[in-house]
Amino acid sequence: MSTNKITFLLNWEAAPYHIPVYLANIKGYFKDENLDIAILEPSNPSDVTELVGSGKVDMGLKAMVHTLAAKARGFPVTSIGSLLDEPFTGICYLEGSGITSDFQSLKGKRIGYVGEFGKIQVDELTKHYGMTPDDYVAVRCGMNVAKYILEGTIDCGIGIECIQQVELEEALKEQGKDSNDAKMLRIDKLAELGCCCFCTILYIANDKFIAENPQAVKKFLKAIKRATDYMLAHPREAWAEYGNFKPTMQTDLNTKKFQRCYAYFSESLYNVHRDWRKVNNYGKRLDILPENYVPNYTNEYLSWPEPKEVDDPEKAQDLMLKHQEECKTCGGYKRLVLA
């Protein structure tokens, strides 16, 4: 049986930052483009690139480092746009766990990670801090890093500031503790990368699907851009509409996550060339990409002007850190505006 339905696989169960995809469906933007999109949730986040690459699913979401590694491993996927730009990513832990800002404090600790590349990143970092991978215990957690930290199953784990870090902060508040006791050792700082772009969340698609359906890809991105524009202009209304469609979003915790995600959303959806160069080099350093590897991304299907890249990305990251601290304290919806 054949179908004109296009399948789109999220990188995990519905989360606050998936809002543009759901809004494009809720508000009829896909329908306006004559698209019928089936939004799917994986049972295992590590399956996404394999399912999209094998053609079992047409499109999906995945982080930049995973997208690069997937193509290098023979799964024909390409990034066609950006969803969440450079969310701060690192090793989350709690004050009093024996972990400090010194990476060597991780010796003997149980470190949780989502998928194999998280372990590869930590293993590579040990080389730079006088340690080996045998100096810590790796625990695969999927998306349950914060839960496992709170339960005591692990001492720390890899997460992003606007999701797992928020989960830890809010759990501490419920316990009557200081939310500032939720800490993060940022991987970009530890690895001296100059950006958190390796964890940028991307819209990806199967290469054969792109080649055979270029207009559908353009229309999909046009609908996503329209949804993104609406969300950025009307965050409260957009969040309410998402919550009506996905009642699991209607919690204080998820609202706080959305507020913290808000500044990271890519307004243009463009793949940032400089970020791809950095992560391509980082992938080679991690030995997951060959030396002659060419990054697998395209902006060909974005039909609006490409914005100018940020002049000083490291300064922008410093400003974003201050911005997110303010959001943590005050809440609300505010974008970082660079002069």
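The backbone N, Cα and C atoms fix where each Cβ goes, and this holds for glycine too.
Between LYS27, LYS62, LYS147, LYS222, the residue that has N6-(pyridoxal phosphate)lysine written against it in Swiss-Prot is LYS62. Mean pLDDT for the motif 'CCCFC' (195-199) in this predicted model: 86. Counting Cβ atoms from all protein chains shown, HIS66 (active site) has 24 others lying within 10 Å of its own Cβ. Geometry remark: GLU116 (pyridoxal 5'-phosphate binding site) versus HIS66 (active site), CA distance 10 Å. Summary of the pyridoxal 5'-phosphate site environment: with the site residues GLY115, GLU116, PHE117, GLY118 set aside, the chain residues having Cβ atoms within 8 Å of the Cβ mean position are SER46, HIS66, TYR113, VAL114, LYS119, ILE120, GLN121.
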